[in-house]
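For reference, the structure is listed below as structure tokens.
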Amino acid sequence: MKALWAVLVVTLLAGCLAEGEPELEPEVTDRLAWQSGQPWEVALGRFWDYLRWVQTLSDQVQEELQSSQVTQELTVLMEDTMTELKAYKKELEEQLGPMAEETRARLAKEVQAAQSRLGADMEDLRNRLAQYRNEVHTMLGQSTEELRARLSTHLRKLRKRLMRDAEDLQKRLAVYKAGAREGAERGVGAIRERLGPLVEQGRQRTANLGAGAGKPLQDRAQALGARIRGRLEEVGNQARDRLEEMREQMEEVRAKVEEQAQQMRLQAEIFQARLKGWFEPLVEDMQRQWANLVEKIQASVAANPIPPSSVPQESP
């Protein structure tokens, strides 16, 4: 049990110190992510490699995104990862030995929450690619450069969130595994051996209750502080996720406004072309009529010249 609590404390301290540490480069993080090599981690590694290939947005990726092949591949990789993860979690649950019911329930709840977040990240990624395919189909031969830029930004953010939640799940499974290992190693003899020192410690604490009354309060305060730090970290992560979602929504609104402005410019150009098509024939017809009228007047004047006698002459 002490080993389990030690792992819990180390995990919480690592989470509290994470804000002050410099962010690792993506390549380094990738190498650290799946180092234990559990089956579910291997499956997630395949999903991760496929995602990195999709993120290149090469010509082949663009071609396959036009169909449902990419989303189908991601669905298969997602199902493989979740299946292996559930099997690994069930294996750990079977290995859990004598443990306080409250501790067991809390650990199971934390692992389930981390597992759900990872599954939601994968689902969001698949839905975003499906949305991109639909948007490309509605462009009707127009340029999709802006769509690709938006997709690249979203994939980068989703990939970062997926990595963070996967690492969080790894940490919680490590705590869960520590409890299972301790339960598997614990037997009746070990329990009896531990009960003796615990009873003796209880007697000593009872005898020294007056002198050491402040120690339990200090332990409780430290435990409460650890829980508060964990809660603050969780709230901070949720706030960052919400901020990223709001930024994505603002980018989508800006893109839609620019798209509508482009459509209005195109419609104005079309209307201008139509007006030009309507008035140019009228102007040309008026010019022809005016030219014909001038020619007729000139011809009439040439055919009927003014006689000289009609011009008055000066007397000598």
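Heads up, the Cβ atoms here are built off N, Cα and C, so glycines get one too.
Met139 (methionine sulfoxide) falls outside any helix or strand according to DSSP and counts as coil. Taking a C-beta cut-off of under 8 angstroms and a sequence separation of 6 or more, Met139 (methionine sulfoxide) has the following same-chain neighbours: Leu147. Per Swiss-Prot, methionine sulfoxide is recorded for Met139.
Every protein chain shown contributes to the tally, and the Cβ of Ser143 (phosphoserine) ends up with 9 other Cβ atoms within 10 Å. What Swiss-Prot lists as phosphoserine is Ser143.
Look at Swiss-Prot and you will find Leu158, Arg159, Lys160, Arg161, Gly225, Ala226, Arg227, Ile228, Arg229, Gly230, Arg231, Leu232 tagged as heparin binding site, backed by similarity to another entry. Every protein chain considered, the tally of other Cβ atoms within 10 Å of the Cβ of Arg227 (heparin binding site) stands at 11.
Annotation source Swiss-Prot lists repeat '5' at 164-185.
The annotation region 'Homooligomerization' is assigned in Swiss-Prot to 262-316.
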Widest Cα span across the heparin binders Leu158, Arg159, Lys160, Arg161, Gly225, Ala226, Arg227, Ile228, Arg229, Gly230, Arg231, Leu232, in Å? 32
Look up Arg231 (heparin binding site) in the DSSP assignment and reduce it to helix, strand or coil. helix
Cβ contacts within 10 Å for Arg229 (heparin binding site), all chains included, total 15
Do you know offhand how many angstrom separate Ser143 (phosphoserine) and Leu158 (heparin binding site) by C-alpha? 25
If I restrict to non-local contacts, at least six residues apart, and a C-beta distance under 8 angstroms, what lies near Gly225 (heparin binding site) in its own chain? none
